[in-house]
Amino acid sequence: VHFWLFLGMYLAALLGNSLIIIAIACDQRLHTPMYFFLLNLSVLDLCSISTTVPKSMTNSLWDTKAISFQGCAAQVFLFAFFLGAEYCLLTVMAYDRYVAICKPLHYGALLGSRACVQMAAAAWSSAFLNALLHTANTFSLPLCQGHVLDQFFCEIPQILKLSCLDAYLREVGLLVVSACLVFGCFVFIVVSYVEIFRAVLRIPSAQRRHKAFSTCLPHLTVVSLFVTTSVFVYMKPPFLSSFSLDLMVAIWYSVIPALLNPLIYSMRNQELRDAL
């Protein structure tokens, strides 16, 4: 059951994100900043779900629960990297929507092809450095509580449960620093959307207001889904932790976004539907 359930979700995510990538790459009308960032988001979703689900499916099929130490470290690094890059990219996408709606006459100057590539590269590189820092620190900790993780993939909170208390506090300090950066991005997104909504409400035409809202709603939905689940996983107090709750939340933030993002973006986007 585990194998077939995960296989179905993985193939659906693979199909949905691949279709978006192919449509954006092949259709000249979609060679704009918004769709460039959406293509990057689909690539990150594919990479993120491919980091965790195939290994879990393989273990289910062969009736094993083992993963090597090196494999676990690679999984932690790649998952943290893709997750961090996705959050940074969602912040950049909020800026794209802000410029498109609040400063439309400057859109071409502020978001030229070079600027878009630089912002995407900054999102990927900052996430790479953050993931490298956390992975190196997490796997340098001595494990005093055994080697059994109550999760279907290797993630930092579960590994911290196995570490000694003094070492655990050292990694928690790093997580707090990362949380401050995440909070900064979140504030930027919120401020961007406050300005967007103020600009949209001043538009006299109801049709244009609806079109402006429709371009923002998918991004806002994805951000809300991503932020709420990630914050709950990494910031929840220990007394809320249980195997079933941790498993459901982990599936929700590691598998479901890659599955839903193509649907969220394609359902309300006429240009993307036409290209598909």
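Cβ coordinates come from backbone N, Cα and C, glycine included.
Record features (TrEMBL):
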- 16-265: domain 'G-protein coupled receptors family 1 profile' (DOMAIN)
- 6-26: transmembrane segment (TRANSMEM)
- 33-53: transmembrane segment (TRANSMEM)
- 73-95: transmembrane segment (TRANSMEM)
- 107-133: transmembrane segment (TRANSMEM)
- 172-194: transmembrane segment (TRANSMEM)
- 215-235: transmembrane segment (TRANSMEM)
- 247-265: transmembrane segment (TRANSMEM)
Report task. Count, for each of 6-26, 33-53, 73-95, the Cβ pairs lying under 8 Å from the transmembrane segment (107-133), and report the range with the highest count. Result -> 73-95
Query - Within the predicted model, mean pLDDT of the domain 'G-protein coupled receptors family 1 profile' (16-265) - result: 84
